[in-house]
Each structure stands twice: as C-alpha cells, then as structure tokens.
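Copied from TrEMBL, the annotated features are:
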- A:6-47: repeat 'WD' (REPEAT)
- A:48-89: repeat 'WD' (REPEAT)
- A:151-185: repeat 'WD' (REPEAT)
- A:263-293: repeat 'WD' (REPEAT)
Amino acid sequence: MRPILMKGHERPLTFLRYNRDGDMLFSCAKDHIPTLWYADNGERHGTYRGHNGAVWCCDVSRDSSRLITGSADQTAKLWDVKTETQLFSFKFSSPARSVDFSVGDKLAVITTDPFMERTSAIHVKRIAEDPQDQDGDSVLVLENPEGRKRINRAVWGPLNQTIVSGGEDAVLRIWDAETGKLLKETDKEVGHKQTITSLCKSADDSHFLTGVPVNAVSMSPLLDHVVIGGGQDASAVTTTDHRAGNFEAKFYDKILQEEIGGVKGHFGPINALAFNPDGRSFSSGGEDGYVRLHHFDSDYFNIKI
Amino acid sequence: MTMDAQQKTSKFKWGEMDEDDDLDFLLPPKQVIGPDANGLKTVIEYKFNDQGKKVKITTKSRVRKLASARLNKRAMERRSWPRFGDAANEDAGSNLTMVSTEEIVLERPRAPGTKAEESNGDSLSQLSKPGAVLMVCRTCHKKGDHWTSKCPYKDLAAPVDVFVDKPPTGEPSAVSAAPGPGKASYVPPSMRPGADRSAAGSDMRRRNDENSVRVTNLSEDTREPDLMELFHPFGAVTRVYVAIDQKTGVSRGFGFVNFVSREDAQRAINKLNGYGYDNLILRVEWATPRPTQ
C-alpha cells in the first residue's frame, strides 16, 4: 500500500479520531490546532483555532456535528464541526487529558491531570442540544483514588452505564456513571504493572483494549486485529536506531495473540492510531508530526496466520 | 492560461496590430479528455514558449481511485462543505497531503506458509532453522519422527541417564562406563565421558556450513522455488536462498542451498557444476572452503 502523508501539524501528534461514517479524520497535536481531514484522500478540510496549549484528545459526535477537544490549556472546547465555531469552553484548573462523548452525545466525560494541589479527576458534563443552553457545570466529578497519579483515559461503557478509566497507577477502574460509585477495579497482582497509556473500545462496546506501555492502540472493527504503536519515550529516540523498531505500527491477532505484521514509515514513535470504522484503512500519527493514512491492500484481508 | 494571454498581449501591442490580423495569439482553451475506462486522463494545454512560439502540451495521466469510497448521503453532503480555518486560505502549492512514493508493505514476522510447519510442534520448526540436524531419536533410533526428549518409547527403553547430553554425532565409545552421579567435583559437560571432545556444538554448526552450496551464474529470473526444484532431487534441502538486490528487486545471480547431508551436497555439486540452466552455465561449489582435515 502507498500511504498518504499528511503534514498539517508542526508538532507531534497526540490523538486521531474518525467520525462514525468514516469519511472524516480529526487529528490532535501539540501544536494547539486540531485539524479535520478527509479520510479517503487525506485532504485537509479545516482547522480549529482557539486552543492555547497542546491538544491531547478529541471526540466527535455521532452525527459529526460537534467536536470536543481537551487541551493542556486547562480547557475542553466544544466546536461546530462544519464551521470551526467554538460553541463552548469548559474551564478546568488543570489540563484536560481525555474526552469522550457518550452514546447519544448527551454527555461527555473529560479527565483532568493532577496539577499543583489538584488530583486527577473525571468530570461528566452535560452537552446541551442547543449551544445557547450549554453550561459548564459538572454532572458528576470522580476523584482518582490514587491522588497524584494521572488518569490517562476515560471512556463510556456500554449504554452509558459505566465509565472505564485507566492511568498511571496501572489500575483499570469501572465506575457507575449515575452515582459515581467505584464498581470494579483490576487487581494489582494480575493486572497491568505499568502506566495504562491508551484505552480503546471495540466497535460494539463489548470489550476494551488497553495499551501498556505502548503509546497507541486500536482495534479493527472488521477483523480480529489490533494495531499497537509506540512504546518508546520520545526522549529515547535520538539514541535509538530506526531499525530497532518501535517506529512501526504492529498488527496482532486479537484472539490468537500472534503478530501479523508491522507497517513502517514514521520517523519517530507512533503516538496515535485509529482504524477507520469500515476497517479498510487506518491512520497513524507520529512524534514526527506526520499523519500517515494507509488504505489496506486486498491481500491484507486474506491474511492467514 | 489567462496569465499567458496577458503576457502575450503585453508583447503584442493592440494598437500596432493590423485590422485583418487574426487573433491567433490567443490560445485555444484547455481541453480535458477523460478519464476514460482505463482511468486515462488527457489534458491538452497551449502555451507560448520562450521564443514566443505556440506549443501544445498534452499531459496524459492515469487517474487512480485510492479507495473505494462508499460515502453515504451525509458524508456526501459534508463533502460540499466549504473549507475553513487554515485550510480555507491555503495556497495550492503547499503540499500538505502527499501520496508516499514508497510502497509500504505489511511486513510479516515470518514468510507466509512457514506457519504450517511450526504448528506441527517446535521440533519441526527447529529442523527448518539453520543449524538443524537430522532428527534421530537416541532412545529408539527412529529417524525423522521425534526428538529424544519426546520419544514415546522413552520409558520402555533401558535408562541411558548420562548419555542424554551426548550429541548424535558421538562415536559409539559411549559404552565406556560412566562415573556415577555421586562424584563430588564438577565436570564440565564437554569433559564428561561420552562427550564428543571435538567441540560438539560448533561441529554441528560447521557441518551445516559445510553442507552449504553456493550457486553462481544464475539467471535473473531464477527464484528460490526454481533452485529448490533443481536441487531437491539430490537430497533433503534445508535452506534455499537467492540473493535479491534490495533496490531493484532482481536476482543478483547467486544463491545458496543447504543440504542435510554432505554426500547429497557433493553429488549436487558434481552433477550441477557446469550444468546449463536458463542459457547460463551454472557454477556450483562449496560455499565455504573445505577445512583441511
């Protein structure tokens, strides 16, 4: 396959997100400007100017009308996808690390980093149908029990009943989305030992994929494949030979746990990965500032392991 | 186009022109033909070159659809949205999006097809690795079926305790009585009775090197399966390799074939050295100079 290289960002990529129809790709980077691309030919369609810090995460509503972005400038902003209009800005007192719309787009979960005296927290915000009615009040605030440890990602569970979070304390927690009660957490003995850096839902919300200690994970909605990328700190890159790996997106079989293959190309670690909802293409964003959009060759779909 | 016409008008002064002068300095409009069924698109443009002569430029390009975009109605509508932000006033020359000139493949951790052997158990996969030996069970002396450690008759056979470490190449001096395990001082395995003193481990490796045959003067079209076909009548082949140029992808004209047994390799050399293959005369020789023994 010949990947499409998109050089719209001047700083490392942090997050990639397809809309539900799979025709648009949103990219976030440390250069403050989330960007919208066409997911088939990689043309830039627009940028969302307004943040004043690295943008860590974004999510797009099901009907592709709203975009929410979480940034290190201590805000999470709600945008009109079509016009770049900033509809609302949720202000926090620490950087917003991850954002996720609930099913139905009525709620959004936003996690904030530990900062100064503040601990990492999960905020649930109501998203108003009409942007005029939007307010910044939190419906629910969940404080991380492991105080100073950062929550890296929080996503909605099936039917918005739960919120699943994972972070630096290597514990995956399931919270009740109504009451905020901690329902379940992974055992420290059997669970992950290192920071959970990424968390990805399957297409039908039935299971989750956590990335430890890789930078990015994504699950194919079409085949039983997962793709992982990164796993290396950006500061270690200059001392690493590019052939030593870790700059490639590695494909694994979800069930058999066997490696299917690797896709090379980035000049730095991969920070973000996303499968197109149709499963026929995927994109990767690297520390090198490039988004690489790969349309799979037909033989990918016939791979046998 | 319009730029060219303007330049032209600046050279030709309207006032100096004769009435009957036809307007042939005006360029014919740009024509776009296609893309046709083969995706061939032809663009015909007219330009003035440096000498002020009119030139016709025909550009043929192949239009390739990158993805079978099956866009739904809403996605189609989104296509018509105006660009915004930095994308709205980006100049055409800023190539933000490029198609990679490099063909990227999904690199398999191992060649497809090798899996079948591996699923038969690790013993067989070891055989396919370089440095493998012919599988002979030392308990039941059955060839090519299982390793000694996996012998199903292991419990039935007489205990051979100390000789388990012994490589299969060892001489039959194993009959010599071994000291009991009760001996106090440590004896390295290589010094133990029954051990092959002539460095058993490296012997295995060297033997494999010895059985490696270099084939030179191959034609460019020769691929590994062709060599396999050519050499396997002489005996079991463990590895076939044809050197391929990384850049051009064509064969560099030489390759290596590893045989399980040296005799087979020798026979192959005797037979195939000087053999005509694809209009070329093959040269087949030992890959490494034979050690003088």
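Even glycines carry a Cβ here, placed using N, Cα and C.
Under DSSP, the residues of the repeat 'WD' (A:48-89) split into helix, strand and coil as follows: 0 helix, 22 strand, 20 coil. The DSSP breakdown of the repeat 'WD' (A:151-185) into helical (H, G, I), extended (E, B) and coil residues amounts to 3 helix, 21 strand, 11 coil.
Using DSSP to sort the residues of the repeat 'WD' (A:263-293) gives these counts of helix, strand and coil: 0 helix, 16 strand, 15 coil. The repeat 'WD' (A:263-293) scores a mean pLDDT of 90 in the predicted structure.
DSSP labels the residues of the repeat 'WD' (A:6-47) in these numbers: 0 helix, 21 strand, 21 coil.
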